[in-house]
């Protein structure tokens with residue numbers, strides 16, 4: 001029996017999204033009686049988000065699915081400053097053009113989870129540059145800055161951590177928390193937004209916005225945070241051995257995205273199914289009862305469902321079929337990730353270690369060497385133990401490719417070009 005009466009909070013609760021709420025009873029009452037507008041802020045520091053952002057994106061999805069209005073707030077203004085929260089050093093400053101290009105790219109990602117075109121409660125993407133870039137500095141100090149205590153700001157963990165390590169915290173970055181708090185007040189004025197959501201590391205910043213709103217006469221504002229997510233082995237979400245798990249297929253092929261979820265640890269499958277799919281809870285409960293080798297079926301369902309939301313059902317099923325043929329039949333598939341290598345390079349011969357690095361299966365020759373010495377590398381399904389081996393035209397199969405494998409689950413097709 002859920003402690004919530006509103007559909008939205010009940011859904012978040014049963015799926016494991018809730019870490020902390022500023023006024024649980026008040027927010028539940030608000031959601032139960034009216035349509036609520038809520039937002040999550042994103043600094044457009046890259047052209048794509050990664051898997052580590054998925055928890056918050058799914059919170060916006062469920063907000064809209066239960067009849068409310070989601071806002072993805074793009075930090076076109078704050079992104080020029082950089083969030084200092086728990087960062088060890090200042091972020092590289094970005095130009096306006098870089099930020100705007102990233103925002104355009106990010107909207108394509110959000111459009112897979114949110115509906116911007118529906119007649120009622122359409123999702124909104126708003127850029128805080130709309131109000132921050134035109135601020136009058138003296139008026140802002142007088143009207144907003146006076147509500148902030150420097151003593152209190154210095155006590156925030158995100159700031160304290162930097163200062164305790166004797167790392168520089170610029171005045172530019174110090175202003176970030178004031179600008180972020182002001183965003184909440186401005187969004188309330190423009191859209192009636194009453195809730196800001198985010199990861200648990202953003203709690204202090206969100207509470208800042210609530211306090212500022214109280215001092216500047218907004219209605220009661222609320223905060224809701226989700227747990228910072230790690231795998232059961234303690235690894236941070238959003239990273240794999242080969243780098244960030246991007247949500248943009250130009251940066252990460254659909255097949256690799258599917259494989260990331262297929263490789264989920266046994267202990268995480270049900271938790272991730274609740275967080276990252278839209279499967280009904282009774283279906284997830286059924287998956288939770290699977291034991292032994294059947295857990296692999298649950299992993300395949302997880303991978304296909306997560307991939308289907310982002311890349312479409314057809315692409316997800318194609319990735320699943322590619323994996324089945326590759327692992328169960330040992331067949332080649334055009335849908336496996338591939339790289340092109342000049343024919344002249346192959347004719348001259350490419351060092352095995354160099355090819356492994358070029359294919360993205362290792363970050364350095366040293367790492368590639370360790371893979372070879374550990375017996376993890378195969379060429380055309382044949383184990384290779386000689387790290388000095390040259391790979392040439394003779395390895396090109398009748399299919400016109402060289403299949404380079406690392407372990408059982410990572411395969412790259414090398415195509416002569």
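Yeah, the Cβs are placed from backbone N, Cα and C, and that goes for glycine too.
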Of 231-235, 236-240, 241-245, the range TrEMBL labels motif ''KMSKS' region': 236-240
Of 34-43, 44-53, 54-63, the range TrEMBL labels motif ''HIGH' region': 44-53
Residues of the motif ''HIGH' region' (44-53) by DSSP state, where helix covers H, G and I: 3 helix, 1 strand, 6 coil
Span of 39, 176, 180 around L-tyrosine - largest C-alpha separation, Å: 18
Winner by Cβ contact number (other Cβ atoms within 10 Å) across the binding-site residues 39, 176: 39
C-beta crowding around residue 180 (L-tyrosine binding site), within 10 angstroms: 27
Helix, strand and coil totals (DSSP H, G, I; E, B; other) for the domain 'Tyrosine--tRNA ligase SYY-like C-terminal' (340-414): 25 helix, 21 strand, 29 coil
